[in-house]
Amino acid sequence: MPLLARSVQTPLHIEVRRGAVADLGKILADGRISSGGEVAVVVGPGLGEKVVDLLRPSLTSAEIFVTGGGTLDAALELSNKLRSGHFDAVVGIGGGKTVDTAKYAASRWGLPMVSVATSLANDGIASPVASLINDGIKGSYGVHIPFGVVVDLDFVENGPELVNRAGIGDVISNISALADWELARQVRGEPVDGLAASLARMGAEAVLTMPGDMSDDAFVTVLAEALISSGLAMAVCGSSRPSSGGCHEIMHAIDSLYPATASHGELAGMGALFCTFLRGDERRLKQMSDCLARHQLPRTPSDVGLDADQFVQVIEFAPRTRPDRYTILEHLAMTPEQTRQKLAEYNDVIASL
Ligand SMILES: [Zn+2]
């Protein structure tokens, strides 16, 4: 009997709207995740009190845990605390650090995890990956995909605008990551997962051309859904391939060599634009450049404070951040001199767009 279809693990419940945090008790009950609200709620030090005030009326039996730092140590400490209670699920509420800490801690005991995103900084909201710092280095740890994914637009609206806008860069970097995947198929015969590619592509194409900005609910909803689809794409193929190519190698290299230069999404967007230039795809370059400019996101190394020498080092180092991932950077294998030349051309082209 041939296998006629595949089973895909996805969250049971996805909800993007205003007022979601206040309705969390109902969302957990309706989603068959916790009928009585016996859950561990994990919050960051910043948002903690506000979130707890909103939650309490609908989640009277919840136990609150405060975590900070986004480190592997913090996740292990949280995981040890979770062991002492009996919880239906772990609910991580906050930005990437808090959600990823909760994801990792829940995954360790096989507890269902609900991701409640209060910002749209990157595609970690629904992904089966926790990005945590260990010994000063950011690592990606495989975890179970969240059972529920909730985005509360009230929090997104009141959060730091740049943090949320950065998610746009992370989403549109999928276009470059998918081009890298296709290149790896052509050059090395690497299989491309069509379903994963489609999930990663659709949201990116929507965000790339959709009018509106972070003050527009329709745009913010599409951005949130695109970030969720990116996470699902990674879950479907069991790797970050659909959402991470040369763009993310550049981002990881900058993070390693020049920490705290800019956020994940800002650097992924800029890296994607540079990789698209290297591919010589003029139509895509113009589309992506327009999108990043429209949302005031960085497009060139100098926009994030890196000079030519530093960027040449970044491109040298980039392939080492994801060994065996074939992208336009490995394909061209440019010498430092060639990179310097390409960067000069790139800066001229971007300035003329
Ligand atoms: Zn990313």
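Note that Cβ sites are derived from N, Cα and C of the backbone, with glycine treated the same way.
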Fill in the blank from the handout: glycerol binding in TrEMBL involves Asp123, His248, His264; of Asp73, Asp170, Asp193, Asp309, the partner in that site is Asp170
Practice task
Quick one: which of Ser58, Ser61, Ser127 does TrEMBL put in the NAD(+) site with Gly96, Lys97, Thr98, Val99, Asp100?
Solution key: Ser127
Practice task
Using C-alpha atoms only, work out the spacing between His248 (glycerol binding site) and Val99 (NAD(+) binding site) and round it to an integer in Å.
Solution key: 20
Practice task
With the Cβ under 6 Å from ligand 1 as the test, give me the qualifying entries from the binding-site residues Gly96, Lys97, Thr98, Ser127, Asp170.
Solution key: Asp170
Fill in the blank from the handout: The rounded CA-CA distance in Å from Ser127 (NAD(+) binding site) to His264 (glycerol binding site) is 15
Fill in the blank from the handout: For Asp170 (glycerol binding site), the three-state DSSP class is helix
Exercise for the section: Fill in the CA-CA distance, Gly96 (NAD(+) binding site) to His264 (glycerol binding site), as an integer in Å. Expected result: 11
